[in-house]
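Below you'll find the structure, written out as structure tokens, and then a few comments.
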Amino acid sequence: MDKRTCNSQDVEVRKGPWTMEEDLILINYIANHGEGVWNSLARSAGLKRTGKSCRLRWLNYLRPDVRRGNITPEEQLLIMELHAKWGNRWSKIAKHLPGRTDNEIKNYWRTRIQKHIKQADQNMKKPSKCEQNDQKAISTSQASTGPTDTIDSYSPSSYTENTNNNMENITFQGNFPTETNENIWSMEDLWSLQLLNDATN
């Protein structure tokens with residue numbers, strides 16, 4: 001383990017993972033004396049840890065009301081809503097998610113949601129394979145045929161005859177959508193659904 005000497009009191013300060021014994025000491029001390037000034041709490045409890053280390057261990061892992069388990073899709077939507085409203089104010093967001101810590105929410109945002117946002121941005125910037133193939137086909141056809149070849153071979157009457165003959169045998173069935181916005185999904189709607197889908201899988 002990493003150990004260093006604190007010059008002011010010559011006490012070895014322990015770093016690294018917490019042991020079960022240290023966890024029990026901290027839990028019992030807080031149960032008997034309550035939370036207080038974390039630096040003095042660490043010394044009084046007999047822990048060779050910094051006050052900050054004790055505070056973070058208690059708040060993020062040992063508190064009885066810390067919620068265990070994965071963040072639910074409902075919590076994810078709430079995190080996204082609140083982040084849109086308040087930005088990276090993790091403590092403020094955590095107050096609206098009982099049992100979740102600001103650190104847990106921040107880590108979830110950075111590893112899951114922000115990652116999806118970056119991927120979506122990259123996908124929006126990259127042309128799809130179909131678009132790339134269309135561009136290749138257009139550039140290939142333009143290179144192989146000169147502009148005079150296509151103009152000379154075009155005949156409006158032959159185009160109309162072929163189209164009319166083919167259209168006689170086609171019948172359309174079903175209702176076609178009208179131009180309303182009620183059935184149109186925004187990119188934000190689709191993105192939220194994708195995140196929910198990923199969270200449940």
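Yeah, the Cβs are placed from backbone N, Cα and C, and that goes for glycine too.
Annotated range for DNA-binding region in Swiss-Prot, selecting from 13-37, 38-62: 38-62.
Secondary structure by DSSP for the domain 'HTH myb-type 2' (63-117): 35 helix, 0 strand, 20 coil.
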